[in-house]
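*Asks:* First, the structure itself, so that you have it in front of you.
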């Protein structure tokens with residue numbers, strides 16, 4: 001394989017690995033911009049991945065799977081919402097609970113249903129999303145550089161990949177240009193201002209939490225219906241936490257979230273490619289170091305050594321009317 | 001209101017706002033007791049009362065922040081139900097909150113539009129709001145940059161944004177809650193001119209304040225609240241500050257503290273050119289100098305938020321200072337000594353302004369709160385451990401000698417009443433025979449009996465030769481207790497007087513920042 | 001955390017957690033029903049498996065040991081107003097610390113090697129907690145996020161070390177060689193046999209005694225020392241601490257060092273007591289169970305011991321259950337832990353508010 005081809009392959013798999021991160025990261029963005037901290041992204045991805053795989057397997061349809069994934073993720077999002085918005089519970093504690101609940105339930109139910117150590121049977125045919133070939137991609141493959149990029153990196157993904165990118169555009173647009181977006185930005189910074197303006201703080205936060213559920217649902221469905229073609233216990237493997245890191249890195253904004261997730265996806269792709277590769281003079285490449293990079297970078301960012309990451313001011317605190 | 005008004009020509013027009021029998025409780029606290037109020041259209045109507053008289057609660061009910069337990073609200077003669085701010089806005093009521101309800105990282109335009117966006121997309125609404133801001137700017141002189149980030153604006157302009165929010169929403173009734181607390185005198189005058197213009201155009205203005213000067217200067221009618229009740233509504237022209245003050249306070253309670261003349265000893269605490277800057281970099285205390293001698297009480301008067309809190313905390317070693325010198329006895333307090341713990345051991349003790357946030361730890365047992373700041377002391381030790389017996393015994397003694405009720409060292413701190421909590425703090429600090437005692441708001445939220453007790457203790461301490469610095473927003477308390485008074489406004493000292501040679505009027509002027517020459 | 005809802009002390013310490021556990025079990029029972037098993041017989045099998053035999057009891061207490069350590073770790077941080085989610089990573093590093101001593105100093109006799117290994121485990125755990133603590137205290141970096149990141153970093157670090165540096169030579173399995181016998185923390189049944197008391201073999205080892213000692217020590221530290229007073233003051237009211245002249249920075253760092261050290265001690269039980277070698281994922285989620293335990297035990301050492309034993313019952317009984325009812329795997333325990341965290345932590349207002357109202361009403365009537 002030529003160097004360019006190798007680059008394209010890395011880039012292509014980087015995009016694939018970035019997609020679940022991006023969904024989860026945008027989910028976190030919606031939730032946290034409204035003032036609800038969400039460390040339960042991991043759990044929602046996981047439960048969505050399971051529900052999607054199970055439903056898709058049962059009904060022989062990836063679309064039914066997607067719907068089930070989204071529904072399961074929304075259900076978990078609503079538990080979080082009820083705990084932290086209505087009951088004013090601790091947002092971190094609730095997030096931890098969501099993660100554990102998802103890890104336990106998916107493996108438990110998966111095992112009870114399929115008896116394969118928690119996995120679902122492999123998904124085939126209509127049960128999973130197939131890559132789409134964008135118009136003109138086959139012809140473009142012959143054109144050097146631009147054509148090949150189009151054919152191999154831009155084209156050839158399943159529909160959810162394009163939905164993820166659309167979600168970035170939509171998130172950015174809605175937050176900046178719409179009434180809902182304005183209110184949402186406001187409620188994450190100063191809920192009292194929103195309340196006195198005659199807008200329901202509770203309603204806005206529930207809406208944001210549900211949107212986060214939808215996005216995590218799609219991210220989870222992508223994992224089981226596209227990337228792995230089955231559900232495996234704990235298949236999210238920390239993606240929800242990397243998404244959290246990406247969210248901090250992107251300073252809670254949509255397009256930076258896109259670029260950060262892409263970068264983290266690429267890092268992951270590089271690490272996978274370099275597994276076991278011996279570079280002359282260096283020895284075996286420490287792939288764990290590359291995989292740990294997002295976490296390390298986030299800590300450094302949080303420490304304020306490279307810029308400052310300031311979360312929405314009201315995030316993490318329940319809204320209580322002051323006397 | 002009789003219903004017969006309709007056909008009978010047009011006698012008196014219906015009042016802009018009318019409250020009938022508004023009643024509200026928060027648990028034990030009866031915040032509003034069957035309050036009646038009539039506000040005429042086009043008037044500037046003042047509501048005065050001391051802290052905690054129920055003014056803010058009443059206005060929060062009008063604005064739909066709380067719902068009254070009983071009573072009726074009528075707007076332009078028609079009964080309305082206001083269960084949420086949305087309904088208040090719909091009824092034409094706008095509010096300028098004391099603590100601004102602004103979203104600081106957003107622009108002025110975004111803040112003005114919030115809740116009145118005019119459509120699902122912002123673009124059209126933004127154009128309209130921009131035009132409206134332009135119009136208000138020329139009409140009332142309320143110039144502002146719509147694209148400025150609110151958090152970057154000075155306080156005066158932030159208040160303007162609050163006002164603009166209400167006006168853009170087409171409010172006919174404007175409620176302003178303590179609007180001048182954050183303003184300079186010039187800004188306040190500008191605000192009052194504006195309120196007059198608004199009233200002349202038929203808008204109704206309700207001004208909540210506890211500053212009588214403002215009431216006299218700008219209102220046409222005034223209502224007085226006291227302990228949740230509406231005690232009087234008068235034409236401003238027919239009343240006087242003296243009468244209003246009496247109505248506010250009710251029968252004058254024991255503000256005469258029995259005390260002889262001060263016998264001054266050595267200079268114990270000296271403050272020279274002290275400057276304190278807050279975390280945002282805004283100077284809070286500017287170039288302040290004064291001294292406190294053994295055997296005297298020096299009061300620091302000022303409207304709350306004029307640098308007194310920061311002064312107190314800087315003296316107690318809780319805040320870094322940006323400039324100037326503090327001298328305790330004959331020792332200059334350099335950075336190495338600027339630690340509450342160290343200062344305490346040098347005889348500077350501190351009864352903080354906010355006992356629930358600082359002076360005590362509410363979830364702790366009373367005996368644990370009673371050693372706050374002193375837990376390292378030898379007498380509470382038993383080897384490497386804290387001696388619980390010693391702590392309990394010590395607290396029991398303090399509770400007895402300060403008449404803290406109930407005398408239960410193991411009861412949770414938060415279970416005591418405000419007065420008993422304050423006695424506990426005082427006992428802790430005073431019992432250590434301080435050389436200098438800093439006291440902040442010693443009687444805030446304290447019942448009458450305890451106030452008397454606390455005042456007597458402070459005077460006794462003075463007579464025993466302690467140098468006391470008393471920060472209080474209650475002018476009466478300063479006049480009653482202090483031998484000398486330093487007045488602060490905007491972080492500066494605007495005057496220093498012997499209490500025997502001044503009166504509340506003069507101090508009030510100094511507190512309002514009127515310069516010494518003019519006073 | 002959110003505004004306290006005042007209830008009588010016994011309600012706070014006993015009734016609310018008990019209700020939370022009942023709610024968690026009811027929901028778990030529904031899950032069991034949903035997968036087609038009988039919750040009652042499942043419960044019976046679980047209890048019999050955990051408590052019905054000497055061996056089962058030994059296993060139960062062995063599992064509980066881990067949870068006492070991590071539960072205390074979370075609780076100490078709670079008392080300082082900090083949420084240490086990093087128990088998992090700190091325990092992992094504790095394993096590294098224990099393993100380094102046990103592998104490198106294995107010429108030492110057991111009486112020296114075992115305490116040194118334990119100290120090293122605590123020190124490594126503490127060191128891993130130090131960085132997030134310092135960043136929180138000095139740079140204001142949110143400790144929840146940094147400890148999450150440190151969990152991920154710890155697991156990456158362990159994989160790297162076991163694969164590239166410390167792995168058993170010539171083996172594909174990701175683990176170190178087996179420690180020398182001197183590094184072994186004695187099993188309770190071994191000790192009992194020496195005194196002529198035969199009890200069934202189980203992995204229960206002296207770490208359990210260490211855990212109980214730590215619980216007692218933590219009670220003394222928190223409620224009977226100046227340090228504990230300072231920690232609780234900072235946790236309950238940072239402003240009051242500032243007024244008192246208690247350094248928030250120092251307390252945050254010290255509390256997190258204690259917390260990380262306690263989490264690191266999991267390795268004494270798992271690595272030195274049972275596995276006798278360092279391997280991946282040996283913590284098996286104990287760091288997170290610690291959160292459930294601390295919430296349920298109301299951050300009180302006594303409550304934590306009780307809650308840990310309950311979770312030990314779940315773990316051991318769950319293993320037996322998975323044997324008898326193959327459709328209910330050990331993941332049931334993770335599910336229940338999640339539910340306990342939900343009900344005892346995030347949703348506790350659900351029980352507390354009505355109880356507060358009920359008791360307030362009764363207090364007034366009396």
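Glycine is treated like the rest: Cβ placed from N, Cα and C.
In TrEMBL, annotation is done automatically, which means it is predicted and not curated.
Not my notes, these are from TrEMBL:
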| type | residues | note |
| --- | --- | --- |
| TRANSMEM | C:14-35 | transmembrane segment |
| TRANSMEM | C:56-78 | transmembrane segment |
| TRANSMEM | C:110-131 | transmembrane segment |
| TRANSMEM | C:143-163 | transmembrane segment |
| TRANSMEM | C:204-222 | transmembrane segment |
| TRANSMEM | C:252-271 | transmembrane segment |
| TRANSMEM | C:278-296 | transmembrane segment |
| TRANSMEM | C:302-323 | transmembrane segment |
| TRANSMEM | C:332-351 | transmembrane segment |
*Asks:* Which sequence-distant residues neighbour the transmembrane segment (C:302-323)? Criterion: at least 6 residues beyond either end, Cβ under 8 Å.
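*Replies:* For the transmembrane segment (C:302-323), the sequence-distant neighbours (Cβ-Cβ under 8 Å, at least 6 residues beyond its ends) are 13, 17, 21, 42, 45-51, 56, 59-65, 67-68, 71-72, 75, 211-212, 215, 219, 289, 292-294, 296, 329-330, 332-333, 336-337.
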*Asks:* With contact taken as 3 or more Cβ pairs under 8 angstroms (pairs 6 or more apart in sequence), are the transmembrane segment (C:278-296) and the transmembrane segment (C:204-222) in contact?
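*Replies:* Contact between the transmembrane segment (C:278-296) and the transmembrane segment (C:204-222): absent.
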*Asks:* Should the transmembrane segment (C:56-78) and the transmembrane segment (C:332-351) be scored as in contact, given a threshold of at least 3 Cβ pairs under 8 Å and pairs 6 or more apart?
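*Replies:* Judged by the Cβ rule, the two regions do not touch, with the required three close pairs absent.
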*Asks:* Counting only residues 6 or more past its boundaries, what in the same chain has a CB within less than 8 Å of a CB in the transmembrane segment (C:110-131)?
*Replies:* 84, 86, 89-98, 100-102, 146-147, 150, 154, 180-185, 210, 253, 256-268, 271-272
*Asks:* Taking residues 6+ outside the transmembrane segment (C:332-351), which of them lie with a CB under 8 Å of any CB in it?
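*Replies:* 2, 5, 15-17, 19-21, 23-25, 27-28, 31-32, 285, 288-289, 291-292, 295-296, 311, 314-315, 318, 321.
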